[in-house]
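Novice: Take a look at what TrEMBL says about it:
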type: ACT_SITE; residues: 31; note: active site, proton acceptor
type: BINDING; residues: 164, 267; note: substrate binding site
type: DOMAIN; residues: 347-500; note: domain 'N-acetyltransferase'
């Protein structure tokens, strides 16, 4: 099992991420491949384990060779009972990552009802999301496309590209001029319908003098057919079940890439060159549209009319655009998302009591807090006592108090008027710099959702210039509204409406 060599941040008690995914010749290897890429990104902070249903020996070996252990989903276990089995394998604040089309909203909801941290890898944008984090690496997807729980973090687009390590490294290296005399062709890890051979025959008609490097995956069932068909084609070289390192070297040798609009397309873009897309599944349409409309790739059909003499210039133009989009920083962005999620679930959260009054006053009179408050004068003890007592007695006020390893670290206050609540938070001075502002806000919204199902709208007022708080509310999904003037100062207003699913 791969273990962490990086020192975890103080308060990071989560040690494990369990990936629930599958890969085989029927559904392909895309889900498994991107989960392995994500696990590799996170292995410095977490111990990663994979839960697989009836994996082949090849698939299990692939996971183990990457440095991760495998749990077998019990034979005969129904999908309805699977969430309970998964919860028995992990504990709070461990994180469960789901990647597969059979992990429906009801599946996610079962886990969330038991306070389980859930991350969902999506590419369909088709149903309600109960997960804490939704990761969709396809570009061109807006946050408004999703219906989700309040506080769900949406990690969208190639800024969160799930690239395997050799391709992440390629994205940070100087890029050579693409060799447009050499063509790479791959149709995914499984390709049960044998698009590989069909695409190869078609492209050979357009580029008969080019050299072709054809790569098939471990689950490809047509290898014998492909070998027989190409044995007399001297400019075609076959490769099977390459490692990520071997694949990256292969891409660096080529300058034209023919592939589906899936994870392999992002890997080709990370290396850089003339990416030509061949659609093989309905769920690839979003990514196809994004890559072609943003100048990162072309439809493979354009080869029929693209003059051979223009291939180098076309490849260079796409390569420049690809380099601007795939910056190699996705791994660090994702590590931060997972650290915050684990930290949020590791916190002890409870309603405040009268015994917390003194602590609340200390937080309220912190100079940094007062400088960003609507009223900036120091609060007297008697005044605070009256206010705090009223808030505790008010059924429409929610005071959430947070501790980290037994130490008080922050609070979130929500005051409702009807279905709308003003929300405010603060973090203890001794606990700042850990990302706790985002963590306590996410956890408070999770607790509120349990206590007050909704619908409701949260409103935050952030003093102009308070960029850290502004970023926190934006990360949670609050939308900026027109600013207001309060006691002579300008405050930015943020709103987060929530309408429960039917």
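Cβ atoms are placed via backbone N, Cα and C, with glycine included.
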Novice: So how many other Cβ atoms are close to residue 267 (substrate binding site), meaning within 10 Å of its Cβ?
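Specialist: Excluding its own Cβ, the number within 10 Å is 29.
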Novice: Neighbour count, 10 Å Cβ-Cβ cut-off, for the residue listed as 'active site, proton acceptor': what number do you get?
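Specialist: Result for the residue listed as 'active site, proton acceptor': 22 other Cβ atoms within 10 Å.
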Novice: What residues, ordered by sequence, lie under 8 A Cβ-to-Cβ from residue 164 (substrate binding site) and sit at least six positions away in the same chain?
Specialist: 33, 36, 37, 40, 244, 267
Novice: As a test of reading the model: what is the averaged pLDDT for the domain 'N-acetyltransferase' (347-500)?
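Specialist: Mean model confidence (pLDDT) across the domain 'N-acetyltransferase' (347-500) is 97.
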